[in-house]
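Data block below; observations after.
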Amino acid sequence: MDVDKLIEAGKIAKKVREEAVKLAKPGVSLLELAEKIEGRIIELGAKPAFPVNLSLNEIAAHYTPYKGDETTLKEGDYLKIDIGVHIDGYIADTAVTVRVGMEEDDLMEAAREALESAISVARAGVEIKELGRAIEDEIRKRGFNPIVNLSGHKIERYKLHAGISIPNIYRPHDNYKLREGDVFAIEPFATTGAGQVIEVPPTLIYMYVRDAPVRMVQARFLLAKIKREYKTLPFAYRWLQGEMPEGQLKLALRTLEKSGALYGYPVLREIRNGLVTQFEHTIIVEKDSVIVTTE
């Protein structure tokens, strides 16, 4: 593990996150915001670890704009900005919620304080359920619900989700003990809704899973490009727009998804259309504390 690269990726992610917050003003288009954020990551010498997620209001995650997307920010919107940065596969993952044109409110504070609380109990030997407990307590005591089917995640080189989750609720069976050197993203989500997300169209983010035989020439071409450029990290539909006519691109992606070569991430919406906030940091676990790489 290259700690220096993890820390450098975290510094860049923090800088870009702070700049993104200042750009999120009424009237700004999501497409313009996404292109500025991802462009800035590259300018600073890193690469996006995944397409920037710009999820509004009841949309919790996995929305990234497409070319031609005319969505603009309105005053009072809850905008979740989720940014991934990597240097040579070493990832920093961080998120912030902005209330466009307005001050922080209780719903935002709930997710932010939940994140701080989870970080404060994290160190080697602590069971993951204790982080879930810390998150759930902070959110519920403010009268909101944690989103039960979204969670933080272990991170490995070129692997955004490395198999172990940090839930946003206390679950007695979550007995995995944090180990020195573990890298985790902790990301509480708070909502005014029921505390659950469902998948809704469209799918705007994909990830390479494995090779699979496909007959469509364009699909084979696309798969080779995806493997070469993005490896096992998620990528945006937007990043491929212009590679081929739109109809062919959609068909090629559908073909690759159906074959099992790609995994699609549909947009996630709160089941009762509740408003959603999110805050996130990446940590490296140490014996008696953690390094927060994105702080």
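For all residues, glycine too, the Cβ spot is worked out from N, Cα and C.
Taken straight from Swiss-Prot:
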type    : residues                      : note
BINDING : His62, His161                 : substrate binding site
BINDING : Asp82, Asp93, Glu280          : divalent metal cation 1 binding site
BINDING : Asp93, His153, Glu187, Glu280 : divalent metal cation 2 binding site
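In this view, the densest Cβ surroundings among the binding-site residues His62, His153, His161 belong to His62, judged by other Cβ atoms lying within 10 Å.
Among the binding-site residues His62, Asp82, His161, the ones whose Cα sits within 10 Å of the Cα of His153 (divalent metal cation 2 binding site) are His161, in sequence order. Cα proximity to His62 (substrate binding site) (within 10 Å) is found for the following binding-site residues from Asp82, Asp93, Glu187, Glu280: Asp82. Here Glu187 (divalent metal cation 2 binding site) is positioned 4 angstrom away from Glu280 (divalent metal cation 1 binding site), judged by their C-alpha atoms. Close to Asp93 (divalent metal cation 1 binding site) in the fold, though at least 6 residues off in sequence, lie Ala13, Ala49, Phe50, Asp82, Ile83, Gly84, Ile155, Leu160, Ala185, Glu187, Glu280, Thr282, Thr294, each with a CB less than 8 Å from its CB. Using a 10 Å Cβ-Cβ cutoff, Glu187 (divalent metal cation 2 binding site) registers 28 neighbours.
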